[in-house]
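Here TrEMBL flags 199-212 as compositional bias 'Polar residues'. Taken from TrEMBL, the feature region 'Disordered' covers 197-216, 376-400, 494-518. The transmembrane segment annotation in TrEMBL covers 12-30.
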Amino acid sequence: MSFRGDRRAVTVQVGAILLFGILVLLLATYQATIVPQQNEQVEFNHNVEVQQDLLTLRGELLEAADGEQFRAVTIKLGTTYPERALFVNPPPASGTIGTADAGGMGVHNVRATNEETRDYLNGSQEYGTNHVSYRPSYSVYQNAPATTYQSGVLVNGFDSGRAVAISEQSIVRGNEIRLVAVAGNLSRSQVRAMDVQPRSLSTVHQSTTVRDNGSGIEITVPTTLSEDAWESLLRDELDPAGDPNNDRYVTGVTDVAGTDAVRITLEAGRTYRLRTALVGVGMGGETPQPAYVTNVTERNTSLAAGTPLVVEVRDRYNNPVDPTTYPTDVTVNVTEGRDLVAQNRTTVRADGRAQVTYTGGEGTVTLAVERLSGPESEVSFNVTERTTSDSDDSNDTTPNLRVRVDDLTNTDTGAPHYIVSYDASNANGQFDRVEVKFMSDSGGSGTEIGQSERGSVEFQTTYGGNTDYYITLRAYYEDGNGGTTVERIRTVIDEADARNPSDNEDLSESGSPSLASWSIEDRTNNNVRYRFQYDVDTRGNFRNVYLGVISRDGNGGKTVENTTQSGRTWQGSTYGVNAEYKVTILVTDADGVVVEEKMRIDRADGDANGDPP
């Protein structure tokens, strides 16, 4: 008897081998295509996240320049891939962050309007600066950009040479020039996140008033962005025709041949506020040394005995020095007029200022910084004694300077907020500007500029509430020699407490806008809410209305809205029920001058009738 062979087992084996081969092929295909695609998405998502980290770093660098509280920014330098049981991942992706020399940023054709400051700031000022760059090392995502902080702008740069801005610019805002240089050494390459903490080395406390030297001020900006890209960034500031009747001052942007830089040209014959600062990242970066001294007290002045003569010692960034950062005191000597003052020498305080006390008499008092030399090292005051029987001639000269101060300070956070309206009537054709300086004993200070004979300025800072502010307005005339002279001074002293000074002047005119009707109702429930209903008779001379709900006792919040519309609106805050509020409507004319106020003091308790206006 014979038997035929059973071939079924062979068939099963062949099928299993085929299935195994297909499985291997599928796994290989998945490893070769799907895994890289998923990893590329991981890398792309990480790149988006790290760009957000760098945008935060940009903001902290700019805030450090203003002396805000320094906060570390976490940068996620690298990333890892999802765990896979059957598939192979590349090593975790790393990233590199570091600083690199960018050359110089600076201003040219510039001169300070203050004569003493002009001894130092006259011509060109250059400040060396660094770029801060991040470059990823991905396995799959090959077109990822290198992201760089450049002169206040965050830029994505690609291997093709293309550069794209992913933030706004901070160099020019209206008539303000802001240059923030970066110092220090930073270099780190890793997968893990790291903290980068900017620190202020020269802090902007106030602006320096400047003009051009006959042609427009030029600003040099190190950048890999093109001329066209900067024109796009500056689109809201561009005014190629140089129209003097608007708030745009940039007349042109050009590439600087042979360098990675652009040149921004500003309108000639205008007054600008220059703010320069130095911030540090990583290791290194030193506090700059004293560079010059300027006057705080007017140089030619009539004083009562016992009045201080005050100077300010500044670094090359035009900011007050902090002597506590140096190993020895910064000393100021009286080199002339020792018989007119009580001290022969003094030291600079933490706010960068030094003073001697005038004792009476007539003559010249010269104060010189010991560690400096040349004209920028000293300030001279020409003083005469004023007695109580003397008239203040400065108050009798033209132009007449009338002032209104609206105090919108947030008493809860201690953040001062002022709107100062002025009218320099009787000014002649030599009028140049009105300069408004804010100073307090707490250190909060700043300078704002009005370019017209009638107008307003707004000042806000984050500290100094509930202290006295000395608000000094100076009307300047051109002196015919390329400089300016002070023709009129007014000082208003006000505590930053959301209460207006009692001696505010009425700046309304016959054609000023006014409120045809208005009402303020307390609709507070769980949150502070006020309903404003108003109608403005514009008379063709109207700019805007300020609507404010401002805590007066420090137990509530603050909201201020600027609107050009009449009608009904709501204002309030999420906390501060039962606190006392100043609820106000301010109407401004076409010059920005506050010409009418309707205000009531009210406890936010939901009583629609409330307290009387």
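Placement of Cβ uses the backbone N, Cα and C atoms for every residue, glycine included.
In TrEMBL, annotation is done automatically, which means it is predicted and not curated.
According to DSSP, the secondary structure content of the compositional bias 'Polar residues' (199-212) in residues is 0 helix, 9 strand, 5 coil. Secondary structure counts, DSSP: the region 'Disordered' (494-518) has 0 helix, 7 strand, 18 coil.
Outside the region 'Disordered' (494-518) by six or more residues, the chain places 402-411, 416, 418, 421-423, 440, 464-469, 471, 532-542, 550-552, 582, 585, 587-589, 593-596, 598 with a CB less than 8 A from a CB of the stretch.
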